[in-house]
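So the structure is just underneath, and the comments pick up after that.
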Amino acid sequence: MSALHPELQGALAQLLQGLNSADNDLRSKYEDSLANEWQAQKPDALLMGLVEHAHAAQDEKMRSSAAVIFRRVASKARKDPTTGENKELFLTLSNDAKVPIRTGLLQCLASEQISHVRNKIGDAIAEIARQYTDNGETWPELLSALFQSSQSPDPAVREVAFRIFATTPGIIERQHENVVQKVFGEAFRDSSVNVKLAGIEAFACFFNSVTKKAQSKYYSLVPEVLNVLPPLKESNDQENLSKAFVSLIELAEAAPKMFKPLFPNLRQFTISVVQDKEMDDQVRQNALELMATFAEFAPNMCKKDASFASDMVTQCLSLMTDIGADDEDAAEWNSQEDIDAEESDLNHVAGEQCMDRLANKLGGEVLLPVTFTWLPRMMHSASWRDRHAALMAISAISEGCRDLMLSELDKVLELVIPALKDPHPRVRFAGCNALGQMSTDFAGDMQAKYHQVVLSNIIPVLESPEPRVQAHAAAALVNFCEEAEKSILEPYLDPLLSHLLVLLNSPKRYVQEQALSTIATIADSAETAFAKYYDALMPQLLTLLRGQQDKEYRLLRAKAMECATLIALAVGKEKMGQQARELVETLATIQTGITDSDDPQAQYLLHCWGRMCRVLGTDFAPYLDGVMHPLLQLASAKADIQLLEDSDDLPDQEDGWELVPLKGKVIGIKTQTLEDKNTAIELITIYAQILEAHFAKYVEEIMDKVALPGLAFFFHDPVRVSSAKLIPALLASYKKQFGDRSEQLARLWAVTVEKEIEILVAEPAIETLAEMYQCFYESVEVIGKGCLSVDHMNKFIESTKSTLKEYEDRVRQREADKADAAVDGEDEDDSMSMQYAIEDDQTLLSDMNKAFHTIFKNMGPQFLPPWERLMDFYDRFINSNDPTQRQWAICIMDDVFEFCGPQSFQYSNHIVQPFINGLQDTNAANRQAATYGVGMAAQKGGNDWAEFVAGCLELLFAVTRMPNSRSDDEVFATENACASIAKILHFNSSKVPNPNAVVDPWLDTLPIVNDEEAAPYAYSFVAQLIDQNHEAVRNKAQQVFHAICLALEAETIQGQTAQKVASSAKVLATTSGVDANQILSSLSPEGQATVQSFFA
């Protein structure tokens, strides 16, 4: 019996018929009725009626449609009539309405006989279950009903139960672990393959929904999960075997080590699938992906399996030979016009990508030996496919195996270079690929040591008869040249450019495009040396830009723009002369002609304008109006977002969309829009920085519509980062135009500072939060002294307290994870994720410290009362076992000394012992921070600190005498200790028993040749001692003069300080018989010239 009035029931039946009509106009009419009449005015009747139709309609299509529409409607947003909150529609119904709907859904599930309809009903049930779970409520009858369904004699019913579990694993009650294990175990042993697979998928989803601690309780199910696989292979059920691998990949990502006891067996089985060439490519690639997942998430476990690396490399190389079927001479390959065609689903690409991942995770020590047992043989094989695979393998592993391969580059090049003359074009192509990749992965060494062998062999490949090989040789040159010094490239510019100019006349447009890109890169690296070729190239480029307007030439013209503007940047505006204006006007003409949204010239133009601004400097200002309009449109763009029922609903499956699951639906975000927005903001930053006051007229609009909203643009991290970098540039532009105390700057700052402080609490990403702190302190630095009110400083401290609490929570969680791993007998976390998280936190603390430094610098003692509220954190951090935390605390106190002077003494109870400990810290960076702070206490702290700093002298000397005190890691602590001793002796020696006696050993702590901040204090004190004719200096005149020369050579003292010290040094040399020539001869030729310039 229906719960609805017959009239409503009939109207709903008519609605369903209309919604399924083939007539678009009719269907549109009923969709309006669904939204505006039923959904808006009688949602309870709508949902109840849909359930009844899903249960009782005679036509299976109507039952299925009713279930689908129910799911969609139930998840629509609606205001709760009781609370006024926006909720999902079903949750806004009264309990009296919800109960019969829930009951009806379960009855539908139990009675439906048609499998695909039952699945749609299951999806509807899963949606309601998800809503209850997300809202912290329960559906008491559901779990029992699903467990009953999982025991049904009908395998299709059992399957749908697990489908629902997979969609909403949150409904499974964690406290009933034994029951859960039993149900899943029965699924894995089920007679139906579909039930087994639904069970594995549900188990993977459930497993990911529980805590790491709880996950271990289900490890015992792994053997039964794995037992599902062999029968699928034996029965050649490749589709379901492929699905099973996908679920196992999900489990391997979540807890790879639960497979540890059976890993050799799983590896052996999976490899047998990969190597079975009778199987479909997809199942072989999924099997390979499973093993690659283990390498990424549990590399140590894979390293300990003696056969893992060998088996994987062998299979990857085998897959990589699966290329060019039915195209033995590569005629078809070479004739392709679309050289960027998608190939990610091909076996050879899967093999290459897996080799890359293995190298990055297992490292060279594991991967190189097994790889190079194959490569020499393959390079000498009669099969071109073997030779091609060997070269692509070198490309794939060079990044991950960099450290070991660096020492063997000669031998690697001996394998690669001959391939450039191989008779087969695809092998020559692969040889170019390997050289290009190596030029990037071994940047510096490849260019400095092997430029002759690389360039003399790859330049002739530009003459290959095959256009694709020509283009790839030119592309490899991009990689080599962008990392090459000007001095290395200069001797090769003639042959490089003569060959590339020939390619500009190729009949293949993609060859022309690549030649332009390569010329542009060479110009960028060669800089002023490129001026020699300017007169031959620029007229050609301008002619090209003014020439062909057809659509197919757009990318070529875009590349020509890029090339012309990079050449302009290399040679400068003086060399360009009148052509600089011609180029800018040509670009403006092109910009006005762009009408299509997919025109690649628009993207290239953005960067071209930025380069021309750098070339012309303030002379670019007259062109700014034409440039800014399209740029502001992109920078102001809103996120293009679509709410979809599932990923298949995306229009035309366009590229450039990111799909994010959310509450049973999918959010589609058009990433291209976000990337364009980010690029535009980055370019606006360049204009503001270069044009300064000339950019001021745009500042207010950009700050209001782009920069400040961009800080909270949570759809795209890079937009928030680029907005954070833009704001200080905008403030600086306004300051330059109106003055640092102007009303205009004050108004802009008042709005900006509030938003900057607000975002310090709201920013969710640790890495991006560090950028927000940088934005804040750079902005404060621009505005200057007294720019923060007491309210600003209090809000800043509150936001920082919140950040520090969250940081401490993350540290505790990492420690707990490590402790759990130790208890379980597992290795320490062998993924990079923890290390990345630690590095992100270190960066965050560093940028937070810079913010404290800048506030103290500009607000002085006014900042002390708000700052004191962080003292608990300071005390915990400075006594922490974590050197990062100790450094954070010491550096803050350094700022208190430096900018609050004598008022710092009120915190002496928090400072004295921690700084004494800091001077003896095992971490060199912390010793440096502590030595700097003691020097600041001496210089700025006043008489109250005299006893403390005098007592630190012995410890400071100890820092300079530590083993390896001049090594890269230790030298800054050593030089800061030297400078701090000088500060104590010069500024605050009243409690030093015999200051003159300290001078002699102090001179032995010189020179300072690295730290440009420490050196001026030390050497100014040396000059003072020389001027005083101090006995210790006279006795060590040769040594002191040498120390001064070393500082002048290293340029750690400059300007007036260097002149004064050099003047005193001349006096010392004259009065003390110093052999200046002997000392100068020990310096480098460049150093001698530098030092002699001061003594001339």
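Placement of Cβ uses the backbone N, Cα and C atoms for every residue, glycine included.
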Range annotated as coiled coil - as stated in TrEMBL, picked from 69-96, 629-656, 797-824, 825-852: 797-824
Spatial neighbours of the coiled coil (797-824) far in sequence, C-beta under 8 Å, 6+ residues away: 212-213, 216, 257, 757-758, 760-761, 769, 834, 837-838, 841, 844-845, 848, 851, 866-867, 869-870, 873, 882
For the coiled coil (797-824), mean pLDDT (0 to 100): 86
DSSP-derived helix, strand and coil totals, residue by residue, for the repeat 'HEAT' (537-579): 38 helix, 0 strand, 5 coil
